[in-house]
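Here is what TrEMBL says about this protein:
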ACT_SITE  E200  active site, proton donor
BINDING   H17, H19, H197, D278  Zn(2+) binding site
BINDING   D279  substrate binding site
DOMAIN    12-332  domain 'Adenosine deaminase'
SITE      H221  site 'Important for catalytic activity'
Amino acid sequence: MNRIATLACMLPKAELHLHIEGTLEPELAFRLAERHGVAMPWPDVEALRAAYDFSDLQSFLDLYYAGANVLRTEEDFYDLTHAYLVHAHADNLRHVEIFFDPQTHTERGVAFEDVLGGIRRALLEAEREWGISFKVIMSFLRHLSEADALATLDEARPYLHRIDGVGLDSSEMGHPPSKFARVFAECRELGLPVVAHAGEEGPPEYIEEALDLLRVKRIDHGVRALESDALMDRLAAEQIPLTVCPLSNVKLKVYDDLSAHGLRKMLAHGVKVTINSDDPAYFGGYVNDNFVACVEALALTEEEVIKLARNSIEASWLEAARRDALLAEVDATVAQWRAR
Ligand code: ADE
Ligand code: ZN
């Protein structure tokens, strides 16, 4: 590994775009299937991994929702989240903000309480053991209706003290942010900060809708902003964070090759870009894998890698004292690396 990739791996960082259901590795999927006596549509781990050959977002989502079928109990969600946090700790993540999709589970009869309870039990343990702080973001599935989202928000009401924000994910084309303007207004009235996937496959106008109609604090993905100079200027001027997921974009054919990714161009434009893993079990890597791949494919500089780590902490929803402490950790790690 070259020295800049080594620095990237060492740096304390935050992950801000991570679907917990997307951390389900094939080995755990088979273990959970056995736990519940569920038949898997693939004969073994290798066959399942070989099926991770996607042509676009929808082809991935079909497999992702099928995979989630083995997640049934509080213990399953604990095991899933714990396995992710082992990777997070190894990658020097000091803070994580993770999405969960309640509708994927409650529709199958899994209790909201078990989903959130299992995820939070693992997060609280990682906070105690490894000092990883966290936020939990409840995400609505945009291919479902506004009424479904409102019903899910109602179901979530008893748990809102354990939910830190709201997101919007799933099939983007044909499901613009405007479809959820009223749902998000209600979430904001409840005091929940909001984010949305926009401009992954959808056009730059979806990013503008997310900003103007949903009033999001961050844009998840947002890479198609590169098609609009005016939008790029706005993102930079307003310092709106983008949670970019480079390996995801290649796996889902947003870019043919990582060397064609617009991440570096966005940084140069002054946009507040962060690097995240999205669905690491499906896309070939966790946060450090994404950093190393970008350092290699895009020839990121030392300054860019440090900026990306700092951006991840600054774009988080951390309270000021911890945010500043983590930024000081970045400075200390850089000093230590330079002295080597
Ligand atoms: N759900 C999980 N991963 C997603 C992605 N990359 N885009 C939209 N919805 C998702
Ligand atoms: Zn995502």
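Each residue, glycine too, has its Cβ placed from N, Cα and C.
Projection of TrEMBL feature records onto the structure.
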{"residue": "H17", "record": "Zn(2+) binding site", "DSSP (3 states)": "coil"}
{"residue": "H197", "record": "Zn(2+) binding site", "DSSP (3 states)": "strand"}
{"residue": "H221", "record": "site 'Important for catalytic activity'", "DSSP (3 states)": "strand"}
{"residue": "D278", "record": "Zn(2+) binding site", "DSSP (3 states)": "strand"}
Quick one: which of the recorded positions (H221, D278, D279) have their CB closer than 6 Å to ligand 2? D278
Using CB under 6 Å from any atom of ligand 1, narrow the recorded positions H17, H19, H197, H221, D278, D279 to the ones that qualify. H19, H197, D278, D279
Which of E200, D278, D279 (the recorded positions) has the most other Cβ atoms within 10 Å? D278
Cα separation, the residue listed as 'active site, proton donor' to D278 (Zn(2+) binding site) (Å, whole number): 12
My understanding is the cutoff is Cβ-Cβ under 8 Å with a sequence separation of 6 or more in the same chain; which residues meet that for H19 (Zn(2+) binding site)? Y64, I98, F99, F100, D101, S139, D169, D278, D279
Hey, how far is H197 (Zn(2+) binding site) from H221 (site 'Important for catalytic activity'), Cα to Cα, in Å? 6
